[in-house]
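Going by TrEMBL, these are the annotated features:
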- 10-22: compositional bias 'Basic and acidic residues' (COMPBIAS)
- 38-47: compositional bias 'Low complexity' (COMPBIAS)
- 56-66: compositional bias 'Basic and acidic residues' (COMPBIAS)
- 135-226: domain 'TF-B3' (DOMAIN)
- 1-22: region 'Disordered' (REGION)
- 38-74: region 'Disordered' (REGION)
């Protein structure tokens, strides 16, 4: 009887399982489940990054910067810079225009004038002798206009001048003194040299003889390039 009852139970269970399958198929739950899984998988994948367009730099030469119509036809304003110069030991700030009006009156020496001045300076150097360190320095445009920078012979600076920046006095042939700033690392005269060059009306082609009479003092002799024409008279 037990075996018959078990067999009847199994048959009933089997019929119930088949009935449940039919209901699931009718409801199409398995299709819905598959769709949910696909949607979840798609959401988990990272979205492709959008490509950013490279910025094309504006060609400054091809397209000039825009200017207001009110100022488009006006001339460019000059730019100014402040520099420190020495005025008898005091630092004075002066403003110079970048227009460089001093360049408009430049004097250009001929080869004959330049050669004459150098020859006369070398003759004076021999006359002064070797009691004090001495050197000859021909003037060019950069020394007497525009930048007003005077580079000195490096071997001379290393041997005779201070190792650090110091004030150096220039004494002309009238014994008038001018203070300048010597830059040791650059081996040249900076602040104060401009005033000396202008006060003594130095031009391209002139030649100077520098005689170191004290540790930080030069006696300066000026040979003018224009003196070449004195010999023609």
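Each Cβ is built from the backbone N, Cα and C atoms, and glycine gets one as well.
It should be emphasised that the depicted structure is a prediction, and the values quoted were computed from it without experimental measurement.
The helix, strand and coil residue counts that DSSP assigns across the domain 'TF-B3' (135-226) are 20 helix, 36 strand, 36 coil. Each residue in the compositional bias 'Basic and acidic residues' (10-22) gets a DSSP state, and the totals come to 13 helix, 0 strand, 0 coil.
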